[in-house]
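Encoded as C-alpha cells, the structure appears first; notes follow it.
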Ligand SMILES: NC(=O)c1ccc[n+]([C@@H]2O[C@H](COP(=O)([O-])OP(=O)(O)OC[C@H]3O[C@@H](n4cnc5c(N)ncnc54)[C@H](O)[C@@H]3O)[C@@H](O)[C@H]2O)c1
Ligand SMILES: O=C(O)[C@H](O)[C@H](O)COP(=O)(O)O
C-alpha cells in the first residue's frame, strides 16, 4: 500500500509506517503526478483536494489532519466513493489558549486588571468556539454566542445572538469554517458594514479562516480614525499576506493558533484511527505515547503573588503570541513570492509549543475559586 502524505504531518512513520510505504510530498505544491500508484492520501490544509488532483488516481481514502475542510471538495469525493476523514476538535484547546493569551495581552494594553470585565462575542460555537466559551464562562466573562446554524437547529436557539449583536461586544472572536454556500455562508461574512460598526474600544480576533473577513474592507476600516484593535492568525490568500494589512494589525501570527504539539499530534492520531478502521486494522497507537515531557512543567507562586500577575505569567509561559508576531514581521521581507515562502517556512519550522495542560501550577494557599480559574485556563493545579 502506498501512502502519499504532506511532509508536514508529524509522526508519519510512527503512526503509518507499518500500514504502508510512505511518500512524503510538499503539501502546498502537491500534484496529480505525486499521487501515481497511491492508495491513500494524507494532507493538511494547504493541499487542494479535488478532481484535478485525484481524477484517474487509485486513491480510496483521504485524511486531513486538520479541523478545517474547506480545502477538500467533499461532494466530489463522495460521488467517487472515496472515503474521507478529518480531525474535528484536534487543536481546539490550542486555539482556545491562543485566544486566552491574546485576551490577556489586550487587557494589559487597555490597562485593565480585571480582564473578565470585557464582554466577548464568539462567532461560530463548535469545537473551538465551544471550548473557548466554556473556559471564558468559568473565568467569569460575559460571553455572547453567535451561531445561526445551531440557533436554528437547537431547542436552546434563544441562547444565541445575531452577528450584529456579537459585533457589539468588547471582543469579537471568529471561529467559523469557511463556507461559500448554504444558508449561512461565511465567505466575507465580516464585511464593510460589520467593520464600520466596530469602534476603537473593540478587539477583533480571527483564527477561523482569512476569507471570513473581507480584508480590503478591513484595511479601509483600519486606515480611518477610531479603528478597532485587530489580531489576525489567518489571512486572505495565504501564504500571500497583504503587507499593508500586516502593518495595521496589532497582533499578527502566521496561521499557527492550532499549532500546539498536542493539537498537531492529535490530528495525526485521528486520521490514523480513521484509516485503520477503514482498512479493518486494529487501532493500537495513541497521540499520548508520542508526546515528550514538556520543557517547562511547573510554575510556583507564593502567597503574596497577585492573581492578575500569576495569570499573566502562567498564560505567557504557556503561549505568548508576541513571539510569533515578531518572527512573522521579521520574515515578511522581499518579493511577494519570497514572503509567501517565508510564511510557509515559519509554519514548517514552528517551535515546539505545549498546551496549558502540560504545565502544573503550584499556588501557595490557593482557594477553590482560584483553583477553578487556573483550571479553566487549562492548567493543572496542585497545592
Ligand atoms: N487558526 C487555526 O490554526 C485554526 C485551528 C483550528 C480550526 N481553525 C478554523 O476554525 C474553524 C472552526 O473550527 P471548529 O472545530 O470549531 O469547527 P466546528 O465545525 O466544530 O464549528 C464551527 C461552528 O461554526 C458554526 N457556523 C457555521 N456557519 C456560521 C455562520 N455563518 N455564523 C456563525 N457560526 C457559523 C457552525 O454551526 C459550527 O457550530 C475550522 O473550520 C477551521 O477553519 C483554525
Ligand atoms: O483547520 C485546522 O485544523 C487548522 O487551521 C490547522 O492548524 C491548519 O494547519 P495546516 O494544515 O495549514 O498546517
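Glycine is no exception: its Cβ is also placed from the backbone N, Cα and C atoms.
If you look up TrEMBL, you'll see 45, 66, 259 marked as substrate binding site. Residues near residue 259 (substrate binding site) in space but far in sequence (CB under 8 A, at least 6 apart, same chain), listed by position: 91, 94, 347, 350, 353. DSSP gives residue 259 (substrate binding site) a coil state; it is part of no helix or strand.
Annotation source TrEMBL lists domain 'D-isomer specific 2-hydroxyacid dehydrogenase NAD-binding' at 113-257.
As annotated by TrEMBL, NAD(+) binding site applies to 147, 176, 233, 258. Secondary structure at residue 176 (NAD(+) binding site), as computed by DSSP, is coil.
Counting only same-chain residues six or more apart in sequence, the Cβ atoms lying under 8 angstroms from the Cβ of residue 209 (active site) belong to 68, 70, 176, 177, 178, 186, 234. The active site annotation in TrEMBL covers 209 (among others).
Sequence-distant neighbours of residue 238 (active site) (same chain, six or more apart, CB under 8 Å from its CB) are 210, 255, 343, listed in sequence order. The active site annotation in TrEMBL covers 238 (among others).
For residue 255 (active site, proton donor), the Cβ neighbour count at a 10 Å cut-off comes to 23, with all displayed protein chains included. Under the heading active site, proton donor, TrEMBL lists 255.
Summarising the annotation, TrEMBL assigns domain 'Erythronate-4-phosphate dehydrogenase dimerisation' to 290-378.
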Overall pLDDT of the domain 'D-isomer specific 2-hydroxyacid dehydrogenase NAD-binding' (113-257), taken as the mean: 97
Distance-selected recorded positions near ligand 1 (C-beta under 6 Å), from 45, 66, 209: 209
Cβ under 6 Å from ligand 2: qualifying recorded positions of 66, 147, 176, 233, 238: 66
Whole-number Å value of the largest CA-CA distance among 147, 176, 233, 258, listed as NAD(+)-binding: 21
Three-class DSSP secondary structure - residue 147 (NAD(+) binding site): coil
